[in-house]
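Here's the structure we're looking at; comments come further down.
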Amino acid sequence: MKICVLPGDGIGPEITAEAVRVLRALDLKFELEEALLGGSAVDATGSPYPEATSKLAREADAVLLGAVGGPKWDTLPREQRPERGLLGIRKELGLFANLRPAILYPELANASSLKPEIVAGLDILIVRELTGDIYFGQPRGIEVRNGERYGFNTMHYTESEIRRILRVAFEAARKRNRKLCSVDKMNVLETTQLWRDVANELAPEYPDVELTHMLVDNAAMQLVRAPKQFDVMVTGNMFGDILSDEASMLTGSIGMLPSASLDENNKGLYEPSHGSAPDIAGKGVANPLATILSAAMLLRYTFAQEEAAQRVEGAVKKVLAQGYRTGDIFEPGTKRVGTREMGDAVLAAL
Ligand code: IPM
Ligand code: MG
């Protein structure tokens, strides 16, 4: 079981260190090797996704990633920006299926900006297509045309790309409450009309799953109006980027939410849904739980170690019940701890 660890930038190294401690505490034989990705890779090698990292990631069974990016690198040419490293590894490894759960932990109900009765018991899975759409579409660029600057990108999907992500979503719905909401903008965009058509064509193969469709603007509204109507949501890369941030905030803290990005053979890249939080980097206060929960997803999806995954998730629930909180989820009456102490608490609970 080979795991490539990419700490990345900002709080990345601190939070991945805790997740690695948790993995090492399990009685499983992992081989863990670290490499550079993002801004730290740019600083060291000039590239956000160096060849050595690509090699290690290709050879590993799974990748555990912290986070990439920071203001320091925002003015570099686009090909050298940390985000390009992340998009590069997703594309190169064919990680087309991004699973982003948004779960409300009862202990954190007050952290949500929505009323507790709207979010209590919330458990949504967003399935986001990750290697296509306007993110990777050609042509793209900024050019001068007719004497003025002109910016352009291309949205496109092939039916096979749509079909394979929808299959992942249908299968996921089968293991949950059997409700799948496919999100598109078919009233304006042809690409997403195709998306809806393909979804409808597949539906008869999954008679046990209830398929519905929703336009993305309405989906954004419904997520804050009545989020518990959703079980699994499936959508393209761009809409999924936006809706998954929105869904994560329903739970109060993006610091709690893991994600998995899988290829066709369950090789995966696992990372917290949040970013590199440069403002608190190096201070030892970041919440490591999303990364620890990402390690649990890694155990579940890539290594089929369901029992170990549940042990880790159980330990996280336990530390919340014990009242341990990092700053992002702190409220009066709970115990404020730093990154390392939170890791210690999870290890003790394990
Ligand atoms: C995410 C992030 C990335 C994305 C950025 C950092 C390129 O926002 O994983 O959601 O847009 O996919
Ligand atoms: Mg995003």
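Including glycine, each Cβ sits where the backbone N, Cα and C put it.
Residues ARG90, ARG100, ASP217 are recorded by TrEMBL as substrate binders, and the candidate that the same record lists for that site, out of ARG58, ARG128, ARG178, ARG196, is ARG128. The Cβ of PRO82 (NAD(+) binding site) lies under 8 Å from the Cβ of GLY8, ASP9, LEU37, GLY38, GLY39, ALA41, VAL42, PRO48, VAL68, GLY69, GLY70, TRP73, SER276, each on the same chain and at least six residues away in sequence.
Under the DSSP three-state reduction, ALA281 (NAD(+) binding site) is assigned to coil, being neither helix nor strand. In the three-state DSSP assignment, the secondary structure recorded for GLY70 (NAD(+) binding site) is coil. Here the binding-site residues are ALA277, ALA281, and the one whose Cβ sees the fewest other Cβ atoms within 10 Å is ALA281. Of all residue pairs in ARG90, ARG100, ARG128, ASP217, the annotated binders of substrate, the farthest apart have Cα atoms separated by 27 Å.
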